[in-house]
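These notes concern the structure reproduced below.
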Amino acid sequence: MKPAIVLLSGGLDSATVLAIAKAEGFAPAALTFRYGQRHAVEIRAAERVAAALGIRDHRIADIDLRVFGGSALTSDIAVPKGELDEAIPAGIPVTYVPARNTIMLSFALAFAEVLGAADIFVGVNAVDYSGYPDCRPDYIKAFEAMANLATKAAVEGTRLTIHTPLIDLTKGQIIRRGLDLGVDYSITSTCYDPTPDGKACGHCDSCRLRLKGFAEAGLADPAEYAS
């Protein structure tokens, strides 16, 4: 099996992508980041997901993005909340972490070179998402082009591919795909502002998108919510 790198946050999307990479015949190594996020319970979720899917190589990289701040996920800025039936506001929300996907994909690129992998999987989505600019197809294409100019492996003839299997799927479709592949969503963590014991808030954009996805799929969300 070919090696691949999968960015694994511990959330619903990345767990699904990890299962997809396995189903497509890759031998995935998972890469998770401890970047100073307020929702650090996702690190434990990533460990659970990696174990459940039989991933032998799971690395956790420490990068402290709190030194820059500028996001509700890495500073004292309040996480926006709303009700399930409210539309998520247009524009880029304060939960956007400046350059996060670029930073993480760069780490994944370095990891791929070390492992001799030519494939990186990431769970970005441009349908049911919060409007982050680094989740768009054009961004992924641009990063892939850069990667194939910037690495020793590419210069020597090994073309790198960034896989985005969820990019055009609704959240409900993602959930259905994951369930078909045996993903246990009860062990994932999606919330941006969980309680200290790991319960989801149920009102941040991420929780609302997740809940709407399960409703679309006609299923109950197995996550534990504080309210």
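A Cβ is built for glycine as well, from the same backbone N, Cα and C atoms used for every other residue.
Swiss-Prot annotations:
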- Leu8, Ser9, Gly10, Gly11, Leu12, Asp13, Ser14, Ala15, Thr16, Val17, Leu18: ATP binding site (BINDING)
- Cys191, Cys201, Cys204, Cys207: Zn(2+) binding site (BINDING)
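Applying an 8 A CB threshold to same-chain residues 6+ apart, the list for Cys204 (Zn(2+) binding site) reads Val79, Pro80, Lys81, Thr95, Cys191, Tyr192, Asp193. Ranked by CA distance from Cys207 (Zn(2+) binding site), the binding-site residues Gly10, Leu12, Leu18 have Leu12 at the top as the closest. It is Cys191, among the binding-site residues Leu12, Leu18, Cys191, whose Cβ has the fewest other Cβ atoms within 10 Å in the structure shown.
Taking Cβ-Cβ distances under 8 Å and a sequence separation of 6 or more, the neighbours of Gly10 (ATP binding site) in its chain are Thr32, Val41, Glu42, Ile43, Arg44, Ala45, Ala46, Glu47, Arg48, Val49, Thr188, Ser189. Of the recorded residues, Thr16 (ATP binding site) and Cys201 (Zn(2+) binding site) place their C-alpha atoms 22 Å from one another. Each of the binding-site residues Leu8, Cys207 was scored by the other Cβ atoms within 10 Å of its Cβ; the lowest score goes to Cys207. Within the same chain, residues at least 6 positions away in sequence whose Cβ sits under 8 Å from that of Cys201 (Zn(2+) binding site) are Val79, Lys81, Cys191, Tyr192, Asp193, Pro194, Thr195, Cys207, Tyr225, Ala226, Ser227. Its Cβ placed at the centre, Ser14 (ATP binding site) has 26 other Cβ atoms within 10 Å. Using a 10 Å radius centred on the Cβ of Thr16 (ATP binding site) and all shown protein chains, the other Cβ atoms total 27.
Compute the center of the Cβ atoms of Leu8, Ser9, Gly10, Gly11, Leu12, Asp13, Ser14, Ala15, Thr16, Val17, Leu18, which mark the site for ATP; besides them, the chain residues with Cβ within 8 Å of that center are Ala46, Val49, Gly123, Thr188.
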